[in-house]
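Okay, structure first, notes after.
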C-alpha cells in the first residue's frame with residue numbers, strides 16, 4: 001500500500017509538472033519549420049447502414065492517431081518509474097483530423113476519450129466514432145452489385161508543411177469487424193494522397209480508406225427476383241386459356257399489375273439516377289412482354305369470335321397456319337393426331353355442299369328417291385314443292401358453309417394461341433437467363 005500511495009503522489013506531481021506551462025493550442029514542435037508526423041490507423045467495427053437512395057454509408061470506426069509531443073517528456077526515474085499516464089484528451093494538443101466526405105448533418109467528431117502519454121513524448125489517442133460518409137452508389141447490377149466507399153481523413157487547417165499525415169498500415173483493420181447481414185466486406189486498402197487545392201498553394205496530405213463491399217443477394221433473390229420470374233411464367237399461360245372462358249385478358253392485366261407493384265418496391269429503395277438497376281430492366285422488359293401478349297390476346301379473341309358473316313380464311317393463311325403451324329404447335333381436333341393431322345378443312349371443302357355431317361338423313365333419301373319416284377305416288381312434279389325443297393336445301397348449305405367458315409377461324413385463333421404461348425415462354429426463359437448471366 002505504501003508503494004501504491006507513492007506511485008499516486010508521483011503521478012499527481014508528474015501531471016502538475018507537465019502542464020504547468022503547457023498550452024494545448026500550439027503545435028508541439030521544437031522547430032516550427034519542421035512538420036509534425038502523425039500516423040493514422042482505422043479499425044472498422046461495424047457497418048450500421050447503407051442508404052442507397054441518399055448515398056450515405058453509416059459505419060462504426062475506431063480511429064487511432066499517434067504523434068510526438070516535444071513538450072510532454074519526462075525522466076521516468078524522477079517519478080517513481082512511471083513510464084505512461086492516461087489523461088483526458090482535452091489536456092493535450094490534438095491534430096484536427098476529420099473525415100472529409102462527412103455526410104452527417106451535425107458533423108460530429110470523435111468521442112472525447114483519454115490519451116496514452118509516454119515518457120518519451122509519444123501520444124496515442126484511440127477514439128470510437130460513428131461516421132456518416134458520402135458514397136457514390138452504382139446500382140447498375142442491383143441486387144448483384146458491389147460498392148466502393150471511400151473514407152478520406154485529413155487535417156482541416158494544417159497543411160503538409162506543418163502536419164505530415166501517414167497511414168500506419170496499408171489496409172484498414174478488420175480483425176474486430178462484426179459481420180453485416182446485407183454486405184460482405186472484401187477489403188479496406190489504404191492510400192496516402194497529397195493534393196494541392198485551388199484555394200491554397202500548400203500541399204494537403206490525406207489518407208483514404210476504400211471500403212470494398214459486395215451485396216448479399218439472397219434476400220433480394222427470394223423476395224424480388226424469384227416472384228417476378230414465377231409471375232412472368234404465368235403470363236404466357238393466358239394464351240392457353242380457352243377463348244370462351246372470358247379470363248384471358250384479365251390474367252394478363254393481373255400479372256401486369258403485380259409486376260408494377262414489384263417495380264415500385266425496387267424504385268423506392270434506389271437513388272433517382274439515370275442508372276437503371278438490372279432487376280429494374282428485367283421488370284420493364286417483362287412488363288413490355290406482358291403488354292404485348294395482352295394486345296395479341298385481344299387480337300386473337302377477335303379472330304376467334306368471327307361470326308358467320310366473316311370472309312373465308314385466305315389460302316395463304318390456310319396453308320401457313322392451318323397446315324404448317326398447326327403441325328408445329330401440335331394443335332389438332334378430336335380424331336386427329338400430331339403426326340398425321342386430318343386435312344379436315346380441305347376434306348370438308350372437297351366434299352362441297354353435296355353432303356356431310358350437317359345433312360339430315362331424310363334429305364339424302366329424298367334426293368335418291370326423287371330420281372326413281374313413280375309418277376303416280378309422289379308430287380315431285382309440282383313446281384311449288386320443288387321450289388320449297390330447293391329453298392330448304394339452300395338454307396342448309398349456307399348454314400353448313402357458315403359453320404365451316406366459323407370453325408376455320410376458331411382453329412386459326414387456337415393455332416395462333418399455341419404458337420405465341422411457346423414464343424413468349426421462350427422469351428421469358430431467355431430474359432431470366434440473361435439477367436442471371438449479367439449478374440454472374
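Here the Cβ of each residue, glycine as well, is placed from N, Cα and C on the backbone.
Listed in TrEMBL:
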COMPBIAS  356-367  compositional bias 'Low complexity'
DOMAIN    12-216  domain 'Neurotransmitter-gated ion-channel ligand-binding'
REGION    342-367  region 'Disordered'
TRANSMEM  219-242  transmembrane segment
TRANSMEM  249-270  transmembrane segment
TRANSMEM  282-301  transmembrane segment
TRANSMEM  419-439  transmembrane segment
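Tertiary neighbourhood of the transmembrane segment (249-270): same-chain residues 52-53, 139, 142, 224, 227-228, 231-232, 234-235, 237-238, 241, 277, 279-280, 283-284, 286-287, 290-291, 293-294, 297-298, 301, selected by CB-CB distance under 8 Å and a gap of 6+ residues from either end. Same-chain residues lying 6 or more positions outside the transmembrane segment (219-242) and placing a CB less than 8 Å from one of its CB atoms are 142-143, 182, 248-249, 251-252, 255, 258-259, 262, 265-266, 279, 282-283, 286, 289-290, 293-294, 296-297, 300, 417-418, 420-422, 424-425, 428, 431-432, 435. Per-residue pLDDT, averaged across the domain 'Neurotransmitter-gated ion-channel ligand-binding' (12-216), gives 90.
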